[in-house]
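Student: Please see the structure below; I have some questions.
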Amino acid sequence: MCGIVGAIAARDVVPVLVEGLKRLEYRGYDSAGVAVLAGDEIRRVRRVGRVAEMEGAAAEENLHGLLGIGHTRWATHGGVTEPNAHPHVSFDKIAVVHNGIIENHEEQRQRLKGLGYAFESQTDTEVIAHLVHHYYQAGGSLFDAVKQATRELTGAYAIGVIALDRPDELVCARMGCPLLVGLGDGENFIASDVSAILSATRRVIFLEEGDIGLLTRDGVKLIDKDDQPAARPVHLSDVSLASLELGPYSHFMQKEIHEQPKALSDTIEAVQDAGFNAALFGEAAAEILPQLEGVKILACGTSYYAGLTAKYWIESIAGIACDVEIASEYRYRAAFANPKHLVVTISQSGETLDTMEALKYARELGHAYALSICNVRESAIPRASDLVFYTRAGAEIGVASTKAFTTQLVGLFALAVTLGKVRGKVSAADEAQYLDDLRHLPGSVQHALNLEPQIKAWSERFAVKDNALFLGRGLHYPIALEGALKLKEISYIHAEAYPAGELKHGPLALVDEDMPVVVIAPNDALLEKVKSNMQEVRARGGELFVFADADSHFHESDGVHVIRTPRHVGVLSPIVHTIPVQMLAYHVALSRGTDVDKPRNLAKSVTVE
Ligand code: F6R
């Protein structure tokens, strides 16, 4: 986590850094800081809290400069304090911002202490500042000092470095964390992601692992991990500035919930263009997919729940074994690997460390092929995969994932049907039906969004509760899990989800009149079972809040509240039923006055273990 930005220009870079940090705040929002070269000193402003606080302080202190770096932090090493906020400096001569974790920081700290360096913070980053200083003061260029220093670091980093006596140089390096260079006109930039510099330029170079860069106002020099000059392609970013603005919405989460019909249409368009054909997943897919004997899905959080949903589709539509595992668990167990099981990683950001490491581990264990379902182009996980399906959700800024989840489901559904076709399990008629189902999906999702006033009315009741239970069965059980995660994540109400049939095996003991129980109960094969499970809840005084389509024939009664969801849309029903649970969490959080887009203790991009 953490976001970094840097700029070298012929104009004041402080506004560029501040705007960049605001866009990167999704990566962490514990503290923020900038350092600029101002005349004969490096001036630094840091504040605990949001970028806006630091911005105010920078204005008060009249901070300006033509070269600078900035950082927004999600605390790992050391508490949320100003001394731990970046940039970190060494003898007021070197300033560094860092995203990532230096694993050998303790060893380096002891060594640097022995060399006379004093530490002001508890961070791992301060060792980078001192190490660069150590090599720089021995003579040579800043670039070489960064090169020597980084070659001694183990762990993950994206860094930006400036030096007091180098007003014309901004040095950066990348290993394991995202970093790009933005190319301007007489000015250049670095950033964790393109959103940070979009107002200045769209021309970007994505650094590769081990790259080190030297930026001046007029040029960029890069070397690769083997110290060889590196020529990296220049991309023209198609991220729109409007997609990064709130527009008429109060929160990004609200905006992103409402963007789902469009995000889904855009993602479905890719499927319609290619059909359910291997080409949808990349050139090598036509050769890889027919060889498969199974699928192994690895992911975290909401993306893991997308994987759980996919298991139902892949096994029932493609008739092939599929297992789904939490990436952070998988990577530490002696797992059995069948080389012919396709590893599918699901990650909105494409840089979740646990998922990335799980992918590497799966490769080590012998899995021959990997497919990434991802929302961020050129991010680390798809780049480490043989095949990729990019969801077209657009930038997701709210920390709680919404449109990324539903579009991941489209990608996974397309995978299930494509595998089914390859394996001769999906007829031409089935295929036409699935395409038709997809075509109708954005409309059903729009219909679900229209339920907002009713859901808002429910939210007041939830806002005063300490706990909630979510129930679903079959394909809708992962959606119950997702509903519970959304609620706890942004409203801080403790929520759990169970397959409804599991209630009587333990969790029923929790049910009393204070326990709201949300049930996802569309008219599917398990409906009658769900109805029996609901009786069990009602008999213990639990209050039921049921999302049921018209065909389910539920009626309001004492302690049973019902919202009618859109007509059951077959196998895609989990996507439609995600919308109400997202809106419920959003409105409950609003009632409780929590920070919906930036819930406490979390960050959007989880690049630490
Ligand atoms: C919850 C949420 C997280 C992410 C998880 C994985 O709303 O967003 O649980 O799903 O951190 O992130 P990605 O998908 O970026 O790998």
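Cβ atoms are placed via backbone N, Cα and C, with glycine included.
According to TrEMBL, the protein carries these features:
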- Cys2: active site, nucleophile (ACT_SITE)
- 2-218: domain 'Glutamine amidotransferase type-2' (DOMAIN)
- 284-425: domain 'SIS' (DOMAIN)
- 458-599: domain 'SIS' (DOMAIN)
- Lys604: active site, for Fru-6P isomerization activity (ACT_SITE)
Student: Summarise the domain 'SIS' (458-599) by DSSP state, stating how many residues are helix, strand and coil.
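Tutor: Here the numbers are 73 helix, 31 strand, 38 coil.
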Student: Across the domain 'SIS' (284-425), what is the average pLDDT of the model, as a whole number?
Tutor: 96
Student: If you count, for each of the active-site residues Cys2, Lys604, the other Cβ atoms lying within 10 Å of its Cβ, which residue has the minimum?
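Tutor: Per-residue Cβ counts within 10 Å for the active-site residues Cys2, Lys604 bottom out at Lys604.
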Student: How many Å lie between the Cα of Cys2 (active site, nucleophile) and the Cα of Lys604 (active site, for Fru-6P isomerization activity)?
Tutor: 10
Student: Can you break down the domain 'SIS' (284-425) into helix, strand and coil residue counts using DSSP?
Tutor: 66 helix, 28 strand, 48 coil
